[in-house]
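Chemist: Before we start, here is the structure in question, set down as structure tokens.
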Amino acid sequence: MEKSESTKIEVVETNKEKKGKAPLLGTAAPVIVAAVGHDGHAKGGGAKRGIAIFDLILRIAAFASALGATVAMATTEETLPFFTQFFQFEASYDDLPAFTFFVVGMGIVVAYLVLSVPFSIVCIVRPHAVVPRLLLIIFDTVIIALATSAAGSSAAIVYLAHNGNQDANWLAICQQFGDFCQRASGAVVASFVTVVLLILMVVISASALRRH
């Protein structure tokens, strides 16, 4: 018997079949790229939303400290238990222009912090929004200047009330008006806490805006 020769069967792909397979490679890449881009966008939005939530918490804390400082200073007064036929020894915040400016200035800070809460909530709902965050940075900076000036001027008066000034013959009054000085000092400390919180809000808002 003769040896059987093995035969080869070649399967030739037609042009139509080749065209049908080509798009599979072409469509896979855009789908992967789109998925990666969407995932990165979601992560960025989550980070900005977290910053906005932290900003809202700081804003509420700053409101509480500013309100406490305003109320404490506005109710600062003391009358000594002894008096003469012509004089009664009394000290009140409105006797000093610096303390009056403190009450007005910190009152404005309190009102601003209340009005700024909706903008902070908008930044949480829409973390990629630029305009609300930019407005908060601008007005927060202005309020920092107001709060710092109010706190600084009152701190100088509190220092003189505690220590006096021998060169100017200004006597320390805190030995007589102890409650008055204690409430005024507490109000000044609370105002500086407000200033620190406002600075933190500006810093984190600027960092969130820089991510854009």
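Even glycines carry a Cβ here, placed using N, Cα and C.
Copying in the features that TrEMBL gives for the protein in this structure:
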DOMAIN    49-197  domain 'Casparian strip membrane protein'
TRANSMEM  56-76  transmembrane segment
TRANSMEM  96-122  transmembrane segment
TRANSMEM  134-161  transmembrane segment
TRANSMEM  187-209  transmembrane segment
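I'd like these features described in context: how deep, what's nearby, how far apart.
Modeler: Within its own chain, the transmembrane segment (56-76) has Cβ neighbours under 8 Å at 92-93, 99, 102-103, 106-107, 109-110, 113-114, 116-117, 120-121, 124, 147, 154, 180, 183-184, 186-188, 190-191, 193-194, 197-198, 200-201, 204, counting only residues six or more beyond its boundaries.
Same-chain residues lying 6+ beyond the ends of the transmembrane segment (134-161) with a Cβ under 8 Å from its Cβ atoms: 55, 66, 73, 96, 98-99, 101-102, 105-106, 108-109, 112-113, 116, 119-120, 123, 170, 172-174, 177, 180-181, 184-185, 187-188, 191-192, 194-195, 198-199, 201-202, 205-206, 209.
Within the chain carrying the transmembrane segment (187-209), a Cβ under 8 angstroms from the stretch's Cβ atoms is held by residues 48, 51-52, 54-55, 58-59, 61-62, 65-66, 68-70, 72-73, 76, 102, 106, 109, 123, 130, 133-134, 136-137, 140-141, 143-144, 147-148, 150-151, 154-155, 158, all 6 or more beyond its ends.
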Chemist: Provide the three-state DSSP residue tally for the domain 'Casparian strip membrane protein' (49-197): helix first, then strand, then coil.
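Modeler: The domain 'Casparian strip membrane protein' (49-197) comes out at 111 helix, 14 strand, 24 coil.
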